[in-house]
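Everything on this sheet refers to the single structure shown next.
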Amino acid sequence: MKIGIIGAMEPEVAHLIQSLTSAEHSLIAGIEFISGQIAGKDVVITRSGIGKVAASIATTLLIEKFAVTQVVNTGSAGGFVDSLKIGDIVISSEVRHHDVDVTAFGYEIGQMAQQPAAFIPDAALVEAAKKAVSALGEVKAIEGLICTGDSFICDPERTKVMRANFPTMAACEMEGAAIAQVCHQFKVPFVVIRSLSDNANNDSPVDFDSYIIKAGHHSAMMVVALLTEL
């Protein structure tokens, strides 16, 4: 077992890197990969960079160059569930693109041509994540739909459209569906775990800057706890 862990930004992986033992650094295509162990498990951590293309490159390299057998995506997200507050966790029940539209050819909104409408995470990884929640104390965690697009969402009109298109969406972010799609094609189990940094509204840019460290730390703590469950 070797677990690939992907975060887009430094605050999303800093706690994980600090938790590594026997760390070895590699640089491929301008992306740093750090191999080592956490909780006795072999892991490779990478800060992919922001967005779907960057995440796809990093995921492919984890699978092809480092032979990871499972992938965990960690980081921050904008919340779409009123009962959740900043710092709370969403564990993926499914992952979809929210900015894809080829409905003219009979596909669902959010479904890329020749791909499934939703990418379903590995059941064992989801269960391990749910068991790991207790390590976070009073932080609330739910399973839910996570949607991905190459935009930071803070426009109320755009939020309204997204809610109409994906009424069960719990969180939105900028990498998860790309990671999930790569894992789907390589048949590698995955899970997406996101901590809320904002609520996808007009205040989101301010909230994000203020709370990204908190959200990244919560999500990373969740991943460390998950690794102890595997």
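Cβ atoms are placed via backbone N, Cα and C, with glycine included.
The annotation in Swiss-Prot ties G78, M174, E175 to substrate, and of the candidates under consideration, I109, I146, I153, the one tied to the same site is I153. Largest Cα-to-Cα span within the substrate-binding set G78, I153, M174, E175: 13 Å. Note on E175 (substrate binding site): other Cβ atoms within 10 Å of its Cβ, all shown chains, come to 31. According to DSSP, E12 (active site, proton acceptor) sits within a helical segment. Of the recorded residues, G78 (substrate binding site) and E12 (active site, proton acceptor) place their C-alpha atoms 14 Å from one another. Residues G78, I153, M174, E175 make up the record's substrate site, and a Cβ search at 8 Å around their centroid adds A77, T148, G149, S151, F152, C172, E173 from the same chain. The number of other CB atoms found within 10 A of the CB of I153 (substrate binding site), across every protein chain shown, is 22.
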